[in-house]
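Since the structure comes first, as structure tokens, the remarks are kept for the end.
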Amino acid sequence: MEKEFVFGHQNPDTDAIGTAIAFSYLQNKLGYNTEAVALGEPNDETAYALKKFGFEAPRVIKEAAPEVDSVMLVDHNEPQQSVSDIDKVKVTHVVDHHRIMNFNTADPLYYRAEPVGCTSTIVWKMFNENDIEIPEKIAGIMLSAIISDTLLLKSPTTTDDDKEAVEALAKIAGVDYKDYGLAMLKAGTNINDKSEEELIDLDAKSFELNGHNVRVAQINVVDLPEALERKDAFLKAMEKASNDNDYDMFMLLITNILDSDSEALVVGSDETKSFFEKAFDKKLDDSEVKLPGVVSRKKQVVPPLTDAFNA
């Protein structure tokens, strides 16, 4: 059987990398020939999780077609978030927990999407449905993915399925998920050794909203005031990225993982900024606004932005 790649989105987070590893393992057990790869280097949080459970980081690819004819996608479906030559390969499987947008295929495929907090929660279900034992390492990296995406089960995206998966996977992995989870999340909050250009690209996704190219980036911190001391430099980096990549609006969500509050920085035209203000019913003050309780790009940012841009 010809090999297929399994990968998550660009600027991969712990879900994108961890779930690719787990889903590749599952598919190989089901008779496929797959390799988990990544569309970027792991961030500090993901690197912490990989090291904890004894994984090497998946190799990074820029294109898929030179090596494979078919691919499996996890944690994304929108082509602008995928590998650069996604139009040159056949997508045979998708497992995701996001909206479906701009996605179509020439052939039938396996597509599974559920409104849960993390893609690994769906893959955990698939292991159980197929009666395939989850190894300790795989359980650990899936647990890490769910903790990451749900902010230790505190995000509004968290479902009972996520909670059940965390309990089960922590038992297999042999860790206290609360202690491990907090340590892992904190490992991803050190922003002092990174430039503003790096930080706004670490966890960023592009969305097509009614003809507008909107970029939404997020960084997690434990000291929000300290992060905001770099506000001017962040805005400058966001302006440059917008000019270089034709973004109509760039939003940076800076989230305090300890109290689940965020501050947003926004650059764009007067029109796109007005859409932002309409989405959150708040006025920007010098390109900045407080967003109490907002921690999820998927559930609390993209839906209101979509509504505002489409109004």
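Cβ from N, Cα, C; glycine included.
The Mn(2+) 1 binding site annotation in Swiss-Prot covers HIS9, ASP13, ASP75 and rests on sequence analysis. Look at ASP75 (Mn(2+) 1 binding site): DSSP puts it in coil.
Among the features that Swiss-Prot reports, Mn(2+) 2 binding site is placed at ASP15, ASP75, HIS97, ASP149.
Cβ neighbour count for ASP75 (Mn(2+) 1 binding site) (all protein chains, 10 Å cutoff from its Cβ): 29. Of the chain residues outside the Mn(2+) 2 site list ASP15, ASP75, HIS97, ASP149, GLY8, ASP13, ALA16, THR19, VAL74, ASP96, HIS98, GLY117, CYS118, THR119, SER120, ALA145 have their Cβ within 8 Å of the site's Cβ mean position. Spatially close to HIS9 (Mn(2+) 1 binding site) yet at least six residues away along the chain are ALA16, LEU39, ASP75, HIS76, GLN81, SER82, LYS205, judged by Cβ distances under 8 angstroms. Long-range Cβ proximity for ASP15 (Mn(2+) 2 binding site), meaning a same-chain Cβ under 8 A and a gap of 6 or more residues, is found for GLY8, ASP75, CYS118, THR119, SER120, ALA145, ILE146, SER148, ASP149. Of all the binding-site residues listed here (ASP13, ASP149), the one with the fewest other CB atoms within 10 A of its own CB is ASP13. Taking the Cβ of HIS97 (Mn(2+) 2 binding site) as reference, residues of its chain lying under 8 Å away and at least six apart in sequence are, in sequence order, ASP75, ALA113, GLU114, PRO115, VAL116, GLY117, CYS118, THR119, THR121, ILE122, LYS298.
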